[in-house]
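As recorded in TrEMBL, the features of this protein are as follows:
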{"type": "REGION", "residues": "1-165", "note": "region 'Disordered'"}
{"type": "COMPBIAS", "residues": "1-69", "note": "compositional bias 'Basic and acidic residues'"}
{"type": "COMPBIAS", "residues": "78-89", "note": "compositional bias 'Low complexity'"}
{"type": "COMPBIAS", "residues": "133-149", "note": "compositional bias 'Basic and acidic residues'"}
{"type": "COMPBIAS", "residues": "151-160", "note": "compositional bias 'Low complexity'"}
{"type": "DOMAIN", "residues": "158-342", "note": "domain 'Era-type G'"}
{"type": "REGION", "residues": "166-173", "note": "region 'G1'"}
{"type": "BINDING", "residues": "166-173, 213-217, 291-294", "note": "GTP binding site"}
{"type": "REGION", "residues": "192-196", "note": "region 'G2'"}
{"type": "REGION", "residues": "213-216", "note": "region 'G3'"}
{"type": "REGION", "residues": "291-294", "note": "region 'G4'"}
{"type": "DOMAIN", "residues": "365-452", "note": "domain 'KH type-2'"}
{"type": "REGION", "residues": "481-533", "note": "region 'Disordered'"}
{"type": "COMPBIAS", "residues": "487-533", "note": "compositional bias 'Acidic residues'"}
Ligand SMILES: Nc1nc2c(ncn2[C@@H]2O[C@H](COP(=O)(O)OP(=O)(O)OP(=O)(O)O)[C@@H](O)[C@H]2O)c(=O)[nH]1
């Protein structure tokens, strides 16, 4: 379906939350009555440009010193087509075809903190500015106080699908959100938050990037894990460009007995990455994005790491970024755009994604579960939308009934909490996030249901929305825009509530059911070990 553009909505007076209440029997209900903070006008979508301080380097370890400092327009060029040859179908992927205006002269300073979740308006029309009032999401990217200046459209138009691939928790969803300039995809500190490929459309100069956020590739222990891995691999297979995302994380500084710090070992490519890169889409352009460079205390460790990665694969470009701080995003988009095939845009300039609002309603409930619970609960949770009814008159609320599926009674008890307190907390936070999405009032009713072993049952996974062939991405002949609020109630195919676990305290979960690729590179192994500085 094609979207209609909603008018900017007016500010609404605040409302008070309702007290959650429980329902007898196996279902538990927690209502969160509408409460909304007033919000200001939405800024126009803006163009993009480079940023000072963005670092980049060419593939195979040749640092681009000038560009690494964001001083030159050619930052993040890598070897590019000059070495691999511009793909014929991508025609002229050299400098001449590149969008201009990035690097120096770009938006100064770091983006502002805070901000609010996306609204329907934002999802269809562009980024939000704002001051961050009412924002609860500490892990979502911080909105920019000003939109990025866009590169000028130059050369032929390019469009294509771009898969963001990598281990869990490296920041793929954060990167997508930063590129979109809105927190569309749910982000959490717990690995395996993303359970399905999610499209985000970015128009960048003369290029249209259909970015696919994907589940982190990991060692699966359940059918769900296998389905998630397949979703990621499928996205990589159908992509025109693969962006392999990895991260750097500082190790704690160790000290000798006399208290002097031990010189940290150099950073090395993550062993799991070596496994994944061994057979990752060898026949198409691949970019490496090294995320979380803000965590490096000593940036001298970055260059050897980039060089080491450059020896693993003949990347077309290597771009170190901080997705969370939105540093380096423009360079990533520039580099991707260079390798897209020439062709007309497939989406409207205001289109953002192909999932309906009900999909995000389920995801945002799951997001709050990830934030509010820990241990085994998040991984054992899925969310389905039982009813999504649009308001019949102005001022009325969207009515949403959602079921939270868990696997055991104990998990249900945890989710409900004492006197329903946990459910209430989740319900209120999710409802507020959904209200921002749909741009209006929402009445959200949540039930908790025990669906034993749903992660191991393919039919159950199908019912819960996992593993189906989904419309989306650049291949979709028709697509639904999230702003379109007339989603059919029986649109069962879109009830793909993702669910993944997230610790509120940010610790990697101890009892998660899937693991990252391990050091021996056999797709079986131990959880991630953060690299340290
Ligand atoms: N310090 C820092 N943290 C980041 C950065 N990017 C992402 N994170 C954090 O890393 C965690 C994981 O981020 P996600 O975007 O959910 O990672 P993902 O790769 O999509 O994770 P999966 O869903 O497991 O595949 C979150 O806590 C983010 O806030 C960054 O640039 N710097």
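The backbone N, Cα and C atoms fix where each Cβ goes, glycine too.
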Beyond the flanks of the region 'G3' (213-216) by at least 6 residues, Cβ under 8 Å: 163-170, 172-173, 175-176, 185, 191-192, 194-200, 228-229, 231-232, 235-236, 516
Those binding-site residues in 169, 172, 214 whose CB falls under 6 A of ligand 1, listed in sequence order: 169, 172
Residue, out of the binding-site residues 217, 293, whose Cβ gathers the largest set of other Cβ atoms within 10 Å: 217
Cβ atoms near residue 166 (GTP binding site) (within 10 Å, other residues, all chains): 28
Chain residues outside the region 'G1' (166-173) and at least six past its termini with a C-beta under 8 angstroms from it: 185-187, 189-194, 198, 213-218, 244-247, 270, 272-273, 276, 291-292, 323-324, 508, 514, 516-517, 528
Same-chain residue ranges lying at least 6 outside the region 'G4' (291-294) that approach it to Cβ under 8 Å: 55, 170-171, 174-175, 245-249, 302, 320-325, 327-328
Where residue 293 (GTP binding site) falls in three-state DSSP terms: helix
Cβ neighbour count within 10 Å of residue 172 (GTP binding site): 33
